[in-house]
Amino acid sequence: MFRHYLRTIWRNLRSLDAFINITGLSVGFAFFIVIFIWISYERSYDDFHNEVESIYRVTQKKFDGDSITSQVALTPGPLAEYLQSTQAAVQKTTRTTLVEFCIRTDINCLYKKGIAVDSSFLDIFTFPLIKGNASTFGHEPNQIIITKRLAEVFFGNEDPLGKTFVIGPINLLVVAVMDNPAENNHFYDFDFLIPLQFMSGNGLITTDNWYFSSLHTYVKLNADYDPAIFEKSISKALLENQEDGNSLLTLQPLQAIHLYSTDLSNDVPGRGNATYVSIFSWVGALVLLIACLTYANLTTAKLFKRNHAVAVRKVLGSSTSQIILYSIVETFLYALIALFMALIIVWLVLPHFNALTGLKLLLTFSLENCLYLISILSVTTLLSGIYPALLLTKQQAVASLKGQSTADGALSIRRMLVVTQFSLAIGLVSATLIIQDQLNFISNKALGYNKEQVISFTALRKFLPQFESLRSELKALSQVTAVTGHNHPIVFTDENTSDVEWSGKPETDHTFFHKLIVDHEFIDVYGLSVKSGRAFTLPAQNDTASIMLNERAAAIMNIIEAEEQEIVVHDRKYRLIGILKDFHFKSVHKSIEPLIMYTYPSAINNVSVKVTEGSQATVAAIESIFKKYAPDRPFDYHFIDEDVANLYKTEQRTNIVFSYLGGFALFISCLGLLGIVRFMTEQRAKEIAVRKVLGASTFSITSILSAEYAKILLIAFLLSSVVVYLTMQEWLQVFAYRTDISFYSFIVSFSFALLTAMLTVGIVILRSANTNPVVSLRNE
């Protein structure tokens, strides 16, 4: 019997209906697998560390009264030692800060990213060493641990141990080589470790000030200790060490950092987003559901053709369970073939998907992934095959042999399935258009400064004594209009402090102010607007004790006009000379935060150059001047507008994936519609023939038969619009500045779906309507 089933299924596989079913399932499988690979990758961050469940990052929640004003990833330098000495639950603590230096040897010099860490860093995090040892690392400031790839770049096949790197004027000894870090670590891309002592000893960071949050602090707890109890015990550590403090400490599990840090300020750019992972989980499942519905819909549409064969089986003694088994086996074989086709599609598509999204996803056949594939094969078989199987068993043998169908509800079920399919497909297209609207809105939103035609590069310490000469030479270029030096890139201004005093400051105010150190041309380069007072001027010595505020900071201080008021930052007195109109120095996910700006020439780390055109000739001219001052250093530059675009990389990826998902959801739905319309026109061949004999035109026949599907699409559109509107309204809440949801997005998605569906329907119906009625009536 089973062999007979297989022969029958093999004959069915050679039909157009089988091709449509397998194609729909394979496309659905393919996109579901790609989404699964991406979600698995996003959720795998930091899971390779030993005892990862015991590792936490310490963060801050800042309060104003009972309300949370901000959540901050950075903590004060002394916190780690305080926790280590006062908390018995703590095995180890470590502090980190990400750095980027031009590191060089006698023959090479490259800008590379690294991490400044405590000596206990490798006791907490699992980054295996392949050469050397780290027993003295962190106890001596002038040591460095490098990655395998960095060793290969600088030393080739030579042993790097004992070699020397130079950062600035300081030599650092290579004491160990670590394996290349896994890409799914929350520190992201780094090539070396240096001691925090190196940073603090050279005045690059403050590690002993309870009022200055500049480091990420991590703790590793004893395995049997409840983190909730530990969090409660340390929550008031800052209040105990800061006068009038307003921050409570919280714990963030290490594995949660990548996806659950969107609300944290002062964190590393480029974090993932748990909301998007959740959305794509649902979207991937919906696309696969559309494929399953397409299969079930087309299968139920063919039941009339199969009724006779099923009736014969019943008469010959086949039981209900055997008929259900036949249907399930057929669905399983279709799904199995579709799964193999899907794996081929994924293998072909994944490189292009990686190129579009900037990811490095791989198709691997681990035990976990194989079990996952088996599970989706099983679920798909049940979802797609169980309803048609049950419907087959309801057919009465006598009625079926007479050519009658007793499954009166099948037509209604098919219509409901088509409505569901197109509701999901239209919803995905609508959501894609709304995402595009929001991306366009934030891309075109006035930031309050000029991001176009500004080239930025790192300022070397050797530049500082000759910075004015460098500025003069750059401004002598015809393409350059202004040059400024500052401490942070304008879009990554994350240094902040609450150690700010002003006249009339409430005792309970502990606002954190972002700090930006600039010179007198910063406002000209970025086109900032002065609302009140004046900007920094020459000679620079006149403004070394001057400060400017943005509107948000002025409002907090209750200052309306810049009137030479005194403001104290880190116990240093400044006089207020101007108030700037607010500008977005972060992404528009968040509202503008308070900012203070002052001059401090020795703290300049970046140079920004305003140019009339950003051509390669302009870049080459700037590089040639740069090389005069630093012939041994690479010219590592970037355009500010590209930095701004990178702030929204996650949204760009979301938009790309949604676009593909929406398009293929429509494609799968139309495949199913093609099969159903083809079957329905065959069933109504006699009706079409009679209408033609009675004088109906091809156009009128096509219109009559297409109207039913237009109504189905209209219902699908109305249902999807409500769900999408509510869902996308919620999604937009993550942006401090957002567009309104336009009805235009829904109309365009419906029009596109209607056009696609009507083309699909029209082609089949036109072919049937043009058939000679004599042929149709003779066959009937």
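Even glycines carry a Cβ here, placed using N, Cα and C.
Positions annotated as domain 'MacB-like periplasmic core' by TrEMBL: 19-235. Per TrEMBL, domain 'ABC3 transporter permease C-terminal' is recorded for 284-396, 662-773. According to TrEMBL, the transmembrane segment annotation covers 20-41, 279-298, 323-350, 370-392, 413-435, 657-677, 712-732, 744-766.
Residues 184, 277, 280-281, 283-285, 287-288, 290-292, 294-295, 298-299, 334-335, 337-339, 341-343, 345-346, 349-350, 353, 359, 361-363, 372-373, 376, 380, 384, 657, 660-661, 664, 667-668, 671-672, 674-675 of the same chain lie 6+ residues outside the transmembrane segment (20-41) yet bring a C-beta within less than 8 angstroms of a C-beta in it. A contact links the transmembrane segment (744-766) to the transmembrane segment (413-435), because at least 3 Cβ pairs that are 6 or more residues apart lie under 8 A. Outside the transmembrane segment (279-298), and at least 6 residues removed from its termini, the chain residues within Cβ reach (under 8 Å) are 17, 20-21, 24-25, 27-29, 31-32, 35-36, 38-39, 331, 334, 376, 380, 383-385, 387-388, 414, 417-418, 420-421, 424-425, 428, 654, 657-658, 661, 664-665, 668-669, 671-672, 675-676, 679, 731.
Distant neighbours of the transmembrane segment (413-435): 283, 286-287, 289-290, 293-294, 296-297, 300-301, 387, 391, 651, 654-655, 658-659, 661-663, 665-666, 668-669, 672-673, 676, 709, 712-713, 715-717, 719-721, 723-724, 727-728, 741-742, 745-746, 748-750, 752-753, 757; these residues of the same chain sit at least 6 beyond its ends, with a Cβ under 8 Å from one of its Cβ atoms.
Outside the transmembrane segment (712-732) by six or more residues, the chain places 275, 279, 415, 418-424, 426-427, 430-431, 434-435, 438, 738-739, 741, 746, 749-750, 753-754, 757 with a CB less than 8 A from a CB of the stretch. On the 0 to 100 pLDDT scale, the domain 'ABC3 transporter permease C-terminal' (284-396) averages 76 in this prediction. Look at the domain 'ABC3 transporter permease C-terminal' (662-773): DSSP puts its residues at 94 helix, 0 strand, 18 coil.
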